[in-house]
Amino acid sequence: MSQPTGACPHAWRHQQQHRGRMWATSRAFRRQLVLLRSLLPSPPTPPPYSFPSVAGRFFAPSCSSPSSTPSGSIRASHAMAGSAVYEADAEAVVRRITPPLDRSRHKGQAGKIAVIGGCREYTGAPYFAAISALKVGADLSHVFCTKDAATVIKSYSPELIVHPILEESYSVRDDERASVSSKILTEVAKWLERFDCIVVGPGLGRDSFLLDCVSNIMKHARQANIPTVVDGDGLFLITNNLGLVEGNPFAILTPNVYEYKRLVQKVLNCDVNEETAAEQLTLLCQKIGGVTIMRKGKADVISDGKTVTQVSTFGSPRRCGGQGDILSGSVAVFTSWARHFIMSNEEPKEKSFVLMQCRVNPMTLGCIAGSLLLRKAASLAFEKSKRSTVTTDIIEFLGKSLEDICPAEH
Ligand SMILES: NC(=O)C1=CN([C@@H]2O[C@H](COP(=O)(O)OP(=O)(O)OC[C@H]3O[C@@H](n4cnc5c(N)ncnc54)[C@H](O)[C@@H]3O)[C@@H](O)[C@H]2O)[C@@H](O)CC1
Ligand SMILES: Nc1ncnc2c1ncn2[C@@H]1O[C@H](COP(=O)(O)OP(=O)(O)OP(=O)(O)O)[C@@H](O)[C@H]1O
Ligand SMILES: [Mg+2]
């Protein structure tokens, strides 16, 4: 195609890319995509993912359907801003990784999640994340928060196990800090290795002493290879201390628009560039050292530094606070399910290879599934409550959304 004359070549390219993005997100494009999918025998580009064969006891795909073939889970949809972005077949991912409700299973096997967050200011965020984990299907959901927040969070729900063990500066004398800090770590460490995934940050606050204690908890979780979703104030913490997640393949960062901007500025030393969005996200993951990042927004765009996938199913036009918290709790559950799914289907000697070399890692699968479920629940909640839709309404629809995709059946 020839280039128009008289204009700056870059301006022309940007205009084309802008049009491309508008087109890629339009209804007409999606309709054509569905049509193309039904016509094409296989995706135009081989999907960068393959599931291992199913031999797992607890994580066999009870809910698989014809559309959930291993190779059909992620498909090239369009090129965004110069780098290939794959639109995830998120429903197929959810079906594949959601464990069956097997009668022989015991408490804990569907997931034990912990949220580290909750302080004087914020009690809603850790509650939203932790209760969402339960509503998606985890068996146990813990919250580690400050003493002030604990009673409040307990009063929201008797389902949550709440540990009032974090401290803020105002409640600790200077000469007590070292001993209090080590007591907190000892207390959390007793529990940590039981968890399949932890979420650090919803409603954590930004108190320096508290953040120091949480840094120690993160280091401990990392040594134990526990997948860690970093959200909210957890992102504030790691943006100022990248060493906490650098080189950790089990770290999942879920920044919103502002958190992403701060991360890009800190790590790449530049501003967010929408023209090269996918490349920038990939580079960001690589610079931090192989973490998985889900950039939240109109589409949730996910990268592990190798592939870029997105979920753009429409959710709701309401942007009430707390939806990111639902997402972090959901991602934690799906990540632990994806990890078990992959691990239970391989020979023990190959487990680490499969986990680390799988071209779309379990963390990415967890992000894809969590994003879809939140969006579906938000859509159903909005249908019912319209402008008055709040986060609690969305949480109430998590169960139905999962049921619609993956029925519990028996
Ligand atoms: N009910 C609750 O308890 C809730 C607590 N939350 C917690 O609140 C804490 C703070 O999270 P926030 O997402 O509010 O984070 P920030 O404190 O970074 O942002 C606060 C708000 O300021 C604005 N802002 C921030 N940076 C900006 C910029 N560069 N340009 C323009 N506007 C900007 C945005 O509107 C943003 O939502 C986190 O711990 C989070 O988990 C939220 O999850 C919402 C719900
Ligand atoms: N412009 C948008 N259009 C459609 N969906 C969006 C848009 N922005 C965000 N979302 C959806 O809302 C979810 C939460 O994203 P959001 O940016 O609100 O997170 P957050 O600011 O961290 O939320 P929280 O208030 O819980 O901290 C995302 O997963 C995304 O699916
Ligand atoms: Mg948030």
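Yeah, the Cβs are placed from backbone N, Cα and C, and that goes for glycine too.
Nobody curates TrEMBL annotations by hand; they come from automatic prediction.
Straight from TrEMBL, the features:
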DOMAIN    90-405  domain 'YjeF C-terminal'
BINDING   G203, N256, V257, Y258, E259, Y260, K261, R262, D325  (6S)-NADPHX binding site
BINDING   296-300, 315-324  ATP binding site
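Feature map: annotations from TrEMBL on the structure.
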{"residue": "G203", "record": "(6S)-NADPHX binding site", "Cβ neighbours (10 Å)": "29"}
{"residue": "V257", "record": "(6S)-NADPHX binding site", "Cβ neighbours (10 Å)": "11"}
{"residue": "K261", "record": "(6S)-NADPHX binding site", "Cβ neighbours (10 Å)": "13"}
{"residue": "K298", "record": "ATP binding site", "Cβ neighbours (10 Å)": "11"}
{"residue": "S316", "record": "ATP binding site", "Cβ neighbours (10 Å)": "22"}
{"residue": "R318", "record": "ATP binding site", "Cβ neighbours (10 Å)": "18"}
{"residue": "C320", "record": "ATP binding site", "Cβ neighbours (10 Å)": "15"}
{"residue": "G322", "record": "ATP binding site", "Cβ neighbours (10 Å)": "20"}
{"residue": "G324", "record": "ATP binding site", "Cβ neighbours (10 Å)": "21"}
{"residue": "D325", "record": "(6S)-NADPHX binding site", "Cβ neighbours (10 Å)": "31"}
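Taking a Cβ cut-off of under 6 Å from any atom of ligand 3, the binding-site residues K261, K296, R318, C320, G322, G324 reduce to G324. D300 (ATP binding site) carries a strand DSSP state (E or B). Here the C-alpha separation of G203 ((6S)-NADPHX binding site) and G324 (ATP binding site) works out to 11 Å. Taking the C-alpha atom of E259 ((6S)-NADPHX binding site) as reference, the shortest distance to any of the binding-site residues K296, R318, G324 belongs to K296. Nearest to K296 (ATP binding site) in space, judged by Cα atoms and limited to the binding-site residues V257, K261, D325, is V257. Secondary structure at C320 (ATP binding site), taken from DSSP and collapsed to helix, strand or coil, is coil. On the 0 to 100 pLDDT scale, the domain 'YjeF C-terminal' (90-405) averages 94 in the predicted structure.
Take the binding-site residues E259, D300: by the count of other Cβ atoms within 10 Å of each Cβ, the lowest one is E259. Taken residue by residue with DSSP, G203 ((6S)-NADPHX binding site) is part of neither helix nor strand, so it is coil. Neighbour density for K296 (ATP binding site): within 10 A of its CB lie 21 other CB atoms from the protein chains shown. Cα spacing between D325 ((6S)-NADPHX binding site) and D300 (ATP binding site): 14 Å, rounded to the nearest whole number. By the rule that a residue counts when its Cβ sits under 6 Å from some atom of ligand 2, the binding-site residues K296, D300, C320 yield K296, D300. Among the binding-site residues G203, R318, D325, the residues whose Cβ sits under 6 Å from any atom of ligand 1 are G203, D325.
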